[in-house]
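Starting off with a structure, shown below.
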Amino acid sequence: MKLSSGAIRLVIPAASLAVLLAAVFYMQPRAMSYTGLNLLFNLAVPIALATIAQMLIMSVNDLDLSMGTFVSFTACVTATFLQSSPAIGILILAGAIAAYAALGVIIHVRQLPSIVVTLGMSFVWGGLAVLLLPSPGGAAPGWVRWIMTAKPPLVPVAIVASVIIAASTHLLVMRSSLGVLIRGVGGNQRSVERAGWSIVWLRAAAYAMAGFFAVLAGIALVGLTTSADANIALRYTLLSIAGVILGGGEFVGGRVSPIGAVIGALTLTLAGSFLSFMRISPDWQIGAQGAILIVVLALRLFLNRLEKREKNR
Amino acid sequence: MSAVRNLGSRPWIWSFAAAAIVWVATVWFTGGSSAFGLSQATLTFAAFSIIVGVGQMFVITLGPGNIDLSVPATMTLSGTLALKVMDVQDGMILVGLLVAVLVGVAIGIGNYALIKLLRIPPIIATLSMSFIVQSFAIWTNRGLRIKPPEMLSSFATSYSFGIPNVALIALLISTVAWVLLEKSIYGRWISAIGQSSFAARMAGIPVDGTRFVTYVLCAVLAALCGYLLASFSGGAALNMGAEYLLMSIAVVVIGGTAVAGGNSNVPGIWGASLFMFLVVSMLNTYGFGAGVRLILTGLIIIAVILAAGGRKAVR
């Protein structure tokens, strides 16, 4: 049996998700139901969207350290303006996406380190979120709530949403010509430039798309929690980076995988549920999450080695 | 004239200029009455970011992708454990210091073991490590708030010749770091690895050993900072390291160290640390609310990067 290197990249994250899922089912057979699955993966939807956003930034060799504060900000907009006066809400969110595109332009034109610019922006988004909602509150718009709590037949909405996100971003990033160009910027910027493409526009497009998915993440999050607060999604910065890496993506070289990223996000979410099923003391929950991350990555190394040995034979 | 141009081409000059401008703007607003107090407070609080920043700088110099995210957890654990071991006894101060350093060494070894043995990218390796360390700190802390020994806390909060003691320690550490970086073979090695780890390996530089020492050094400095911060603020708190994660990265980069690695400078960390604290106190003095203060802090950071940026060899 022959597999392309892209498929191999996907096998490992998918296998780790399957193992974790099997462990959860073994410990709590009742999770193996419509409601059980929905509860397990509910919170994965916004994390998956944020991971996709981070992945787009990473595909042009940049890193976004403001992801968590930005998703918090869009969640605050969703719970306030988008709910009370949708027109203004949409305008603000569109402005936020435009700001992301502008960041891409600035970072490229001035040759600035993305880590620092997004670090600065994380203060800005955090400040805006605090201005919008100084204390937790707001309400989810009806239609958002309706989508996130929908009950499609047979398969729970969390799974449906994850599949839709994975499939559509796969088409966008892996199959469309724009996606190929964006990954090309990460792979070899100079060759894309020599081929006559504008790197500025490509980077702006990558950032704008990232902003768009991060906005979706904020909206989806409010649909689940029904209210927002300025610190609601701070941990998304690190979660989204970890999700991309777990899904087989790399920091440089435009090597990313949208399907892998969604699987990575699902794995991270499941790790949380797994630990509560294990009845681990809350003291050790964060630590065990770190341990799971290490185990999955060790597994990946092991399988990579195995694959190499097969090849050499 | 050439001296001026020479000075202007130094990346660290920008962070000092920015710090000076903010200092003047703040003192001006209060009519000059706060000049001395403000300077002392700035030196005190900047000292902590300088100590972690120096460690982070060594790691960032190693090249793209090298960042230590376990800094806050290391600070928390070393502060908690050291205070627990000292148990308010003046005689145990040195033992506590030793415990803090050992915590740093252990975490540094753990970090590098993950990076090397499991080939995990440093960002993820140190992140996973920080989760485990944080859990350990929660477990040891258990909601207890132990006070530091009397002698240690009075040392950390007092002044020698009008300069805060913690700032003097930061100065000592920075001097050693500067010598290591500029005058020792080790400093040449980490710069070489940051510029091209392949070329460095070919040139016979012990790449693995150098990287190992660097991660341990960073963790030890973070642990030391945790020890001092816990003594300064009268006890360890679980979230005491939180703000130092972004701070340690920010001061390194604003200070003019290349994010792509291979090029670092110690004076810039001083300028950037002073600047970061001064911005917050300036906005406080002007009476802005939390939201506006955050927004302005972010915009000012970006403005400084824009003004100083455009150098080559950045990501």
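Note that Cβ sites are derived from N, Cα and C of the backbone, with glycine treated the same way.
TrEMBL feature annotations, pasted as is:
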{"type": "TRANSMEM", "residues": "B:12-31", "note": "transmembrane segment"}
{"type": "TRANSMEM", "residues": "B:43-62", "note": "transmembrane segment"}
{"type": "TRANSMEM", "residues": "B:91-113", "note": "transmembrane segment"}
{"type": "TRANSMEM", "residues": "B:120-139", "note": "transmembrane segment"}
{"type": "TRANSMEM", "residues": "B:159-181", "note": "transmembrane segment"}
{"type": "TRANSMEM", "residues": "B:212-232", "note": "transmembrane segment"}
{"type": "TRANSMEM", "residues": "B:244-262", "note": "transmembrane segment"}
{"type": "TRANSMEM", "residues": "B:269-288", "note": "transmembrane segment"}
{"type": "TRANSMEM", "residues": "B:294-314", "note": "transmembrane segment"}
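Describe each of these features in terms of where it is and what it packs against.
Long-range neighbours of the transmembrane segment (B:91-113) within the same chain, counting only residues 6 or more positions beyond its ends whose Cβ lies under 8 Å from a Cβ of the stretch, are 68, 70, 73-74, 77-79, 81-83, 85, 122, 125-126, 129, 133, 149, 151-152, 211-212, 215-224, 226-227.
Long-range Cβ contacts of the transmembrane segment (B:120-139) within its own chain (Cβ-Cβ under 8 Å, at least 6 residues beyond either end) map to 59, 65-74, 76-77, 80, 107, 110-111, 114, 238.
For the transmembrane segment (B:159-181), the residues of the chain that approach it from at least six positions outside its boundaries are 40, 43-44, 46-48, 50-51, 54, 57-58, 187, 190-191, 221, 224, 228, 232, 264, 266-267, 269-270, judged by C-beta separation under 8 angstroms.
If you look at the transmembrane segment (B:212-232), the same-chain residues 6 or more away from its ends with a CB under 8 A from one of its CBs are 44, 47-48, 51-52, 54-56, 58-59, 61-62, 68, 70-71, 74-80, 82-83, 96-97, 100-101, 103-105, 107-109, 111-112, 115-116, 148, 152-153, 155-157, 166, 169, 173, 186, 190, 240-241, 244, 248.
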